[in-house]
Amino acid sequence: MFSRLGSAFRQNARAYSTSAKAELSSNTKKAISSVVGITGLTLGYIVYQDSQTGKAMTAAEHGLQAPEYEWSHKGMFDSFDHASIRRGFQVYREVCSACHSLDRISWRNLVGVSHTASEAKAMAAEFEYDDEPDDQGNPRKRPGKLTDPIPGPYANEQAARAANGGALPPDLSLIIKARHGGCDYVFSLLTGYPEEPPAGVQLAPGANYNPYFPGGSIAMARVLFDDLVEYEDGTPASTSQEAKDVVTFLNWCSEPEHDERKKMGVKALLIVGSLYLLAVWTKKFKWTPIKHRKIVFNPPKPPKRR
């Protein structure tokens with residue numbers, strides 16, 4: 001009798017212990033969930049309050065967002081307009097080269113893109129480059145060659161700053177990649193100069209107003225005007241046409257591999273697509289019978305008893 005009572009007591013104690021552990025585990029989970037929820041709400045409130053008190057830049061401080069234009073080379077399978085590149089180089093040479101350099105572009109890079117080899121050689125020969133000294137050690141000059149870089153307007157940075165009121169004109173070799181907005185930003189900057197700055201805008205002496213430039217105050221004045229250049233092919237030289245052509249040329253300077261890269265991309269898509277179709281065919285006609293085959297095991301029949 002006592003053994004039965006002891007056994008029943010032990011079973012009740014085990015059941016109570018198990019239920020107590022389950023209840024404790026459930027309460028612990030609830031407490032952890034509550035703490036995590038309260039912590040998340042607190043952090044969310046702190047982030048919200050911080051966002052309400054943050055000081056964002058105004059449109060004038062940041063610069064207007066440049067509109068998005070449909071460039072002829074923007075599509076996946078579109079290449080540069082090489083006639084526009086040639087006209088853009090003419091705009092750069094007659095207008096932009098007075099202040100800006102193209103340190104990463106050589107005369108040979110123009111061959112086959114915008115000019116023939118003879119045209120590039122003739123343009124290079126118009127400039128003189130340092131040559132090896134003579135037998136007495138005196139410096140010599142020689143006509144330019146295709147392998148020479150396109151010369152800049154200034155001998156060094158100090159000369160460039162002295163000629164531009166302390167401002168340093170940037171090199172234009174990678175300007176399209178170096179500016180947020182790329183072609184759209186540079187085109188908007190070149191064509192975005194108003195006749196007069198808005199009322200209340202204070203500019204430093206020698207500065208110019210352009211809403212697309214951060215801060216609105218830019219050292220470069222408006223440089224493109226209607227009929228500023230006379231295109232060789234007879235294209236009307238409006239301000240927007242000149243800006244469009246020089247931006248296309250500068251985009252080519254930033255990405256001279258642009259057309260070749262897209263050609264390689266098309267070839268890669270064709271090869272990968274062919275390999276994908278081959279893989280589908282291989283799986284369907286080669287592996288499907290193996291994958292869906294049914295293996296049946298027939299155990300041997302037991303021998304008959306005699």
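Note that Cβ sites are derived from N, Cα and C of the backbone, with glycine treated the same way.
TrEMBL annotations:
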{"type": "BINDING", "residues": "Cys96, Cys99, His100, Met220", "note": "heme c binding site"}
{"type": "DOMAIN", "residues": "83-236", "note": "domain 'Cytochrome c'"}
{"type": "REGION", "residues": "127-163", "note": "region 'Disordered'"}
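A Cβ distance under 8 Å defines the sequence-distant neighbours of the region 'Disordered' (127-163), meaning residues of its chain 6+ beyond its ends; these are 97-108, 111, 117, 120-121, 169, 171. Between the farthest pair of Cα atoms in the heme c binding residues (Cys96, Cys99, His100, Met220), the distance is 11 Å.
Its own atom aside, the Cβ of Cys96 (heme c binding site) has 22 Cβ atoms within 10 angstroms in the protein chains shown.
Note on Cys99 (heme c binding site): other Cβ atoms within 10 Å of its Cβ, all shown chains, come to 20. Residue density at Met220 (heme c binding site): 18 other Cβ atoms are found within 10 A of its Cβ, drawing on all protein chains shown. Sequence-distant neighbours of His100 (heme c binding site): residues of the same chain at least 6 apart with a C-beta under 8 Å from its C-beta are Tyr92, Gly152, Pro153, Pro169, Pro170, Asp171, Leu172. Neighbours of the heme c site: apart from Cys96, Cys99, His100, Met220, residues of the same chain with C-beta atoms within 8 angstroms of the site's C-beta centroid are Val95, Ser97, Ala98, Pro169, Leu172, Val223.
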